[in-house]
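Asker: The following feature annotations were taken from TrEMBL:
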| type | residues | note |
| --- | --- | --- |
| BINDING | B:Asp337, B:Lys338, B:Thr339, B:Glu422, B:Phe464, B:Lys487, B:Arg518, B:Thr598, B:Gly599, B:Asp600, B:Arg715, B:Lys721, B:Asn745, B:Asp746 | ATP binding site |
| BINDING | B:Asp337, B:Thr339, B:Asp742, B:Asp746 | Mg(2+) binding site |
| DOMAIN | B:38-91 | domain 'P-type ATPase N-terminal' |
| DOMAIN | B:768-1015 | domain 'P-type ATPase C-terminal' |
| TRANSMEM | B:64-82 | transmembrane segment |
| TRANSMEM | B:218-241 | transmembrane segment |
| TRANSMEM | B:272-291 | transmembrane segment |
| TRANSMEM | B:882-904 | transmembrane segment |
| TRANSMEM | B:919-938 | transmembrane segment |
| TRANSMEM | B:950-971 | transmembrane segment |
| TRANSMEM | B:991-1013 | transmembrane segment |
Amino acid sequence: MMKEELETTNRPDNTAFTQQRLPAWQPMLSAGIVIPGFVLIGLAFIGIGVALFITSQNITVLEKDYTGVETTSDCYKCSNPSDKNCTCKLEFSLSTLFEGPVFFYYGLSNYFQSQRSYGASKDEYQLSGDLDYFKTPISACSPYQYDANQNPIVPCGSLANSMFNDTFKLYQIVNGTKKLVPFDGKGIAWWTDYNIKYRNPSVTPLKNAFNGTVKPSFWSKPAYELDTSDPSNNGFVNQDFLVWMRRAALPDFRKLYRRITEGDYARGLPAGNYSLEIAYNYPVLSFGGRKKVVFSNVSWMGGKNQFLGIAYLVVGSLCVVMSMVMLIVYAKFKFPEDD
Amino acid sequence: MLRRRLNRLFGRDERKVDSRTIYVGHRPCPATEALIPPKFCDNRIVSSKYTVWNFLPKNLFEQFRRIANFYFLIIFLVQVIVDTPTSPVTSGLPLFFVITVTAIKQGYEDWLRHKADNEVNKYLVTVLEDGRRACKESEKIKVGDVVEVVEDETFPCDLILLQSSREDETCFVTTASLDGSPTIRWSVAVYSGMETKMALNYQGKSQKRSAVEKSINAFLLVYLCILVSKALVCTTLKYVWQNRPGQDEPWYNQKTQKEKDTNLYLKMFTDFLSFMVLFNFIIPVSMYVTVEMQKFLGSFFISWDKDFFDPEIQEGALVNTSDLNEELGQVEYVFTDKTGTLTQNNMEFIECCIDGFQYKYADSGTELDGFCVTDGPVNILQQKAGREELFLRALCLCHTVQVKETVGPADLGGFIASSPDEVALVKGAMKYGFKFLGMESKNMRVMNRNNDVETYELLHVLNFDPVRRRMSVIVRTKSGDTMLFCKGADSSIFPRVRQEEVDKIRMHVERNATEGYRTLCVAYKLLSREEYDQADTGLREAKLALQDREEKLMAVYNQVETGMSLIGATAVEDRLQEEAAETMEALQGAGMKVWVLTGDKMETAKSTCYACRLFQRSTELLELTVRTLVDLGRKREVRLHELLLDYHKRAVQDAPPIKAGVTRSWSSANQDYGFIIDGATLSLVLNSSPDSNSSCYKSLFLQICQNCTTVLCCRMAPLQKAQIVKMVKNCKGSPITLSIGDGANDVSMILEAHVGIGIKGREGRQAVRNSDYAIPKLKHLKKLLLGHGHLYYVRIAHLVQYFFYKNLCFILPQFLYQFFCGYSQQPLYDAAYLTMYNICFTSMPILANSLLEQHICMEVLMDNAALYRDVAKNAMLGWGPFLYWTLLGVYQGLLFFFGVRFLFSNPALQDNGQVFGNWSYGTIVFTVLVFTVTLKLAMDTRHWTWINHFVIWGSLAFYMFFSFFWGGIIWPFLRQQRLYFVFANMLSSVSAWLIIILLILLSLLPEILLLVLRKPRGPHSRQVLSTYSDTISFKC
């Protein structure tokens, strides 16, 4: 009795786990699985690639640089930074219908929104409507924390301060007269940014919340007057502001400015001559940057991007070629395990 | 034995204390002596490192002494002090995790040590106090206490013998475990506690580090260089870039006043530190903890293995250290003790041969078997019976055995002898009716078959020595005849007896020898009075000679031991351990070189080697012993040099060069060499006089040994065993050594070798206690090395490579991103991802894999010893595999980054035209990364248990879940909600999905290709697969 007890206490447990004998699946990559698998994957990738490529091909893009570096450009006159309130024109014509909905982007290059100090230079508590941070913004906002008179800047920080402030008006030239193409400024920022992440302080009128604060030095209007036409598009929950605040990943980027979805242009921009009136405010030449506007329509895959389709085609064909190579190799060295 | 012990007590202690004055029984100090009573420590043995109070500070100190932990601490401090891109939490949390887990593990191990210490310290001993016996806990013994030690008890500390229960005031000490004395006696405590010899030995035990750890440190250094160069490149480029017009301080990102005021060089330095912090994740902080957990948890599989369970002793394997698991898969040299390890140390008298007739003792139950049953004329029969009795008397008289005083009255007879086969012979004679009763003041008493006691006066013992290889006794019978009985090896007896006698016996002896028995020939000689007188004076003179005593004695011995008449021969078997031969064969098949280190005589050891198939019939033996050296009477050094050169020529120069990856069949086609050396010659080789070129001997010797499949070292002192191990360990290529033994005399070599294995034999626990692993039987060594060792090595090697790889492709995109963010140390990934990558998302699959993986299943590994060679010489952690993994990491890192970068050339990735920002960029890269490294591991996994499935798919699911959760809520404690809905938005973009799938596939494509194309080329795998496909598919 005693002995049996001893044995049970000392003897190792005879379980599958302790004896390293857990039932296990041992995958065997044999030619019979790999070659058809590769062919299938390859074909699927080629299929997706073709779809992507065609989709991308069908997306129309119109890109226009308006920095005004070239003397021939109308915007050349505005490229002098001392020149305030300068407007210039960019004219183009469409030979066919630019299918809608058309998305209107502005693009900047050699602009490092991705810099760390730049990105960190904002106060998210302030931007979520916390009035305490209206009076004392965090130090990360420096040198845009307080102005010369020690008034707190709202919204503080380099990121907000440098908000893009060129404005655009698009006219279609119909029989020599300018017909305004209506822009839709809604839904250009992320829904969650507009509705949850960024909040105005719950003070009405909104202007009162900003008492004792100053607007960012670069801004021409305070935050609560960003959109005079739509009161719900002011303060921090302004679509343009939110688009700007979502930092671009790369130094050459584009940001959504407006959509063309209304009126006669819901189906797109018809063929004809167009004139884009630009209020040229944003200086980029000092750091060697460029500005451009982009008209584009989008598909299920987003904007035009040839890379993805080509990559899929290449990888897909690679898979097929490799399965061929494998087939040859396997045929040469007959495999005993396949017997 | 006692002398040796006392020598140990007094002789070698000068270094520590010159002398000790001890007051036995704590008498008061005599006032006249101006001696301050010295303070001695108490008898507590402390092998534990920590106490409850000092655990935290001491453990932290120990942990931060480890270079990697210290490095992470520095990084953490830099993050706290300097304005760095990532918050201190990102490196502080993993560091805290690592430190905590390690502390828990070390705390647990120390708790075990505390338990073991307590067992020893609370052991009750009898102490004489004020003339009375008192029971005391072992730890309370003070220096000067008088202690009573009963038979078979362990000494509680170092003692000096005061009184023995034996009449002649002697005692016997088994050095096997430095415990167990056959007599009751009093003794006084001399050294106690941590000052005992044993404790001093413990302290000499240094931490063993495995070869894998050395590889890790080398890789770490490479990665540290990569890290520093990355930081340097970024810092340099940053300032180069900023020098271009307009880039230093664009209007949209103006510097603060503080930044403007800072010294340029200080700014550069802090920038450098910031880059270091940003890229520090390339050094896998969690690798150490994962490796440690793997070792700690993995070692349980050894102690859990029921194959190691021995029903006889009711115990399984014991793991004393988990740091060396993988070293079991790397063993190149096996040093094994012979007695008790290869053999059972259980000598048994098998048969004898008298005058050419063979007598075999069939069954111990029957009294006489084979004796006097042959038919024949009566007178012959009588003559035969006379010879038998003479033979048995010779066995009873010609030895140096002493009878053990037994407590019980009726005992089958315990004998004490320097050599167990003498006991076997005496016991063998007993079976045939002649019983040796012991010595009584120079008289040997023998009980014959008729239960009459015969007494013989012992006149001289001509001791055994390895050159003569025989021993003799001269006795005088009651009737006054003087007789010489001699027993010895056949080669030393045959020339000294008549030829016709030899012919009758030679055949039997040879047959016995080939069967692996130890054979001895027995001869006798009647000495006339004159002959005896002459021998007597010769012996006395020689014994008293001051110069050349050995030589003179030898001359007399040789003179006396002539003209004898051969009576017969004996065969004694030293039983091999179960499956000893199979085990040794497997070890050799696995490419290990087996060295037998024994204190035994050469003949004995040689026969064991033959029996274990370490030497085979075809093996050519190269012998370097006292016998071969003494041959020509020349100076020994000269002869040694000659022999060494000759052997070197045969075994090294003429042998074809050994190619890597040879199989057993290939090597056995060539000549196998076996090398035999004895202790005396070894010391000559190792410590030859300074004028001769000893280093030359040593290297010659080593080269010969390295080309021999088996080396036998006989007549070794325990210290010499360690010396040999040390020599091999430190030779070129520093091979991994393993020592296996069961007795206290093996402790030195067990401690010296990379891996020390103790056998839980009957001979005490010293070897087990000092070993790294203890197994009940020798046969378990095969599974321990070929099965567990191989798997552990493969597992940990893969673990290490994988860790470096996954952190390289983790941090490479972050490095590349610096080129796109103006070298501003902008992290690509969110802080949560940086922190969690190593401790949550990718840690469990590799841990499970490194615990459960069986790339080849256990049975196949055990059946194909040659598979062990595939991983020999740290094959999976060489620079080649490291380069492969590093390139893979670089390839994937580049792919992740640039794949997404080209996608982001148009950041409008959703069908609503909205654009993605930098955090989306990082999240896409990170998602690809997590999936790729996890799937890479899945591809490497050859053995999918449910646990593997659970952790691999579970980790991916957890990543998805976490990302949703992390981005789905506004976390009040976070200053910046960077990832708010980034992940969800990413998933709503078809392009993001497509790029993720594409990049994962493309990253793994070379691996898949390699996996498919590489497999058919491996000769082993194909053979294994075809032969053992049943095993694989059904058993595993």
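Note that Cβ sites are derived from N, Cα and C of the backbone, with glycine treated the same way.
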Asker: Should the transmembrane segment (B:919-938) and the transmembrane segment (B:991-1013) be scored as in contact, given a threshold of at least 3 Cβ pairs under 8 Å and pairs 6 or more apart?
Answerer: yes
Asker: Tell me if the transmembrane segment (B:882-904) touches the transmembrane segment (B:64-82). I count contact as 3 or more CB pairs below 8 A, with pairs 6 or more residues apart.
Answerer: no
Asker: For the domain 'P-type ATPase N-terminal' (B:38-91), give the DSSP counts of helix residues, strand residues and coil residues.
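Answerer: Summed over the domain 'P-type ATPase N-terminal' (B:38-91), the classes give 30 helix, 0 strand, 24 coil.
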Asker: Taking a Cβ cut-off under 8 Å, which residues six or more beyond the ends of the transmembrane segment (B:272-291) line up next to it in the same chain?
Answerer: 66, 68-69, 71-72, 75, 78-79, 82-86, 91, 94-95, 97-98, 101-102, 216, 220, 223-224, 226-228, 230-232, 234-235, 796, 799-800, 803-804, 806-808, 810-811, 814-815, 818, 825, 827, 834, 837-839, 843, 846-847, 850
Asker: Want to know which binding-site residues, from B:Asp337, B:Thr339, B:Arg518, B:Gly599, B:Arg715, are within 10 Å of B:Asp742 (Mg(2+) binding site) at Cα; which are they?
Answerer: B:Asp337, B:Thr339
Asker: Average pLDDT across the domain 'P-type ATPase C-terminal' (B:768-1015)?
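Answerer: Average per-residue pLDDT within the domain 'P-type ATPase C-terminal' (B:768-1015): 93.
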Asker: Distance between B:Asp746 (Mg(2+) binding site) and B:Thr339 (ATP binding site) at the Cα atoms, whole Å?
Answerer: 10
Asker: Could you tell me which of these binding-site residues, B:Asp337, B:Thr339, B:Asp742, B:Asp746, has the greatest number of Cβ atoms within 10 Å of its own Cβ?
Answerer: B:Asp746
Asker: Considering the binding-site residues B:Arg518, B:Arg715, which residue's Cβ sits among the greatest number of other Cβ atoms within 10 Å?
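Answerer: The residue with the densest Cβ neighbourhood is B:Arg518.
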Asker: With every protein chain in view, what's the tally of Cβ atoms within 10 Å of the Cβ of B:Gly599 (ATP binding site), excluding that atom itself?
Answerer: 20
Asker: Which secondary structure state does DSSP assign to B:Gly599 (ATP binding site), in the simple three-class scheme?
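Answerer: In three-state terms, B:Gly599 (ATP binding site) counts as coil.
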